[in-house]
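Let me begin by presenting the structure, written as structure tokens, before commenting on it.
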């Protein structure tokens, strides 16, 4: 299970709408395993395939387990997830994203959701969620639709964040390339922000 590099804003691939999975086969299960390993290593609590530049509607989450936590891992792998129902009541959570490291903003989303998806065995399932799990599901499904959490904040704050990442990308492009044996990409530096 290799670690996959996580793409960072302003990478335009983050804005693409992912294609559905035709069936959950060994290739999709291997992708899910790679995504879980990448998410745990980052560390994060959710990851969408689009964040590792894979054009498939696949997300993985584990809100119970965080790096250096004593909690037992309880991962959820979802192919073709879709929100079937969302409550009118909203709740807020300070969200972060592995593709937008070190930035956190309060985002309002439906407090409860019901999501339909295919599990690792290709069976159709539904999950009802509230709290952090509901927030995480919505955040990751947004990624599959080319939507980032910063799209849910004010235009001024969003523009400031995008400008900062565009400037950093230009500076990175001007710097000499890292040695190929470097153990970390920018997205996987120790202490990187957790993804919701």
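The backbone N, Cα and C atoms fix where each Cβ goes, and this holds for glycine too.
Features reported for this protein in Swiss-Prot:
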ACT_SITE  140  active site
BINDING   97, 139, 143  Fe cation binding site
COMPBIAS  171-187  compositional bias 'Basic and acidic residues'
REGION    171-196  region 'Disordered'
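Counting only same-chain residues at least 6 apart in sequence, those with a Cβ under 8 Å from the Cβ of residue 143 (Fe cation binding site) are 14, 18, 48, 50, 51, 59, 99. Taking the Cα atom of each, residue 97 (Fe cation binding site) and the residue listed as 'active site' are about 10 angstrom apart. Looking at 97, 140, the recorded positions in this record, the fewest other C-beta atoms within 10 angstroms of the C-beta turn up around 140. Under DSSP, residue 140 (active site) is assigned to a helix (H, G or I) in the three-state scheme.
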